[in-house]
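As structure tokens, the structure follows; a few thoughts come after it.
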Ligand SMILES: O=P(O)(O)OP(=O)(O)OP(=O)(O)OC[C@H]1O[C@@H](n2cnc3c(O)ncnc32)[C@H](O)[C@@H]1O
Ligand SMILES: [Mg+2]
């Protein structure tokens, strides 16, 4: 039975991006709703080794607790010169969850001696879609990536997280200097959600 789909993120700016891309995809029969529209439920800590594991766990928790279909994103920044870190630790890299300024400053400090040609990085988003199925939940997980490089200093006011220090390939502007539409068209999250559209459309048509 299609209808309301829970979008399970506690990050207001990420949630806005997820809603924006879902709205743009305009999948008939799907109405995204946020966590504030449902009673609180226990959420497992994000301790998985991969984005995919964490995204699937978040979506599964939401679907099991509410009986609604549920979308979740787990995402982060993989920096080549840091062997793929901060990775799944991106939200709390500086020690304080969600402190974007401190997380970004720490990454810049860690790369202070790294020359331009070795500042490559990728944003990664795993998006999971969980649909209740009897006592169980069927989960689809997809992954989107966005290659770029880490700037020497933050620039731009848009976006969130590490956007001010991430320069997507094929451009000079940071992700925080892109418009919302430009970011969605190229971003890891935009790509991942595009890969989820068939599963969402199948659900909407069911
Ligand atoms: O788990 P939820 O509740 O969705 O919110 P969160 O902020 O904790 O989200 P994650 O666990 O997926 O951690 C992702 C972190 O990676 C960074 N990040 C992810 N996507 C990003 C983007 O598009 N631009 C900039 N930084 C991003 C940012 O620091 C996020 O806090
Ligand atoms: Mg999180």
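Cβ coordinates come from backbone N, Cα and C, glycine included.
Positions annotated as substrate binding site by TrEMBL: 9, 10, 11, 12, 13, 14, 75, 160, 161, 162, 163, 183, 188, 189. Classification of residue 188 (substrate binding site) by DSSP places it within a helix. Close to residue 188 (substrate binding site) in the fold, though at least 6 residues off in sequence, lie 75, 122, 123, 124, 125, 144, 145, 146, each with a CB less than 8 Å from its CB.
The annotation Mg(2+) binding site is assigned in TrEMBL to 74. Look at residue 74 (Mg(2+) binding site): DSSP puts it in a strand.
Taking the Cβ of residue 74 (Mg(2+) binding site) as reference, residues of its chain lying under 8 Å away and at least six apart in sequence are, in sequence order, 46, 48, 51, 52, 54, 55, 58, 88, 125, 126, 128. Under the heading active site, proton acceptor, TrEMBL lists 74.
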**OP:** Taking the residues 9, 10, 11, 12, 13, 14, 75, 160, 161, 162, 163, 183, 188, 189, which the record names as binding substrate, find the longest CA to CA distance and state it in Å to the nearest whole number.
**Re:** 20
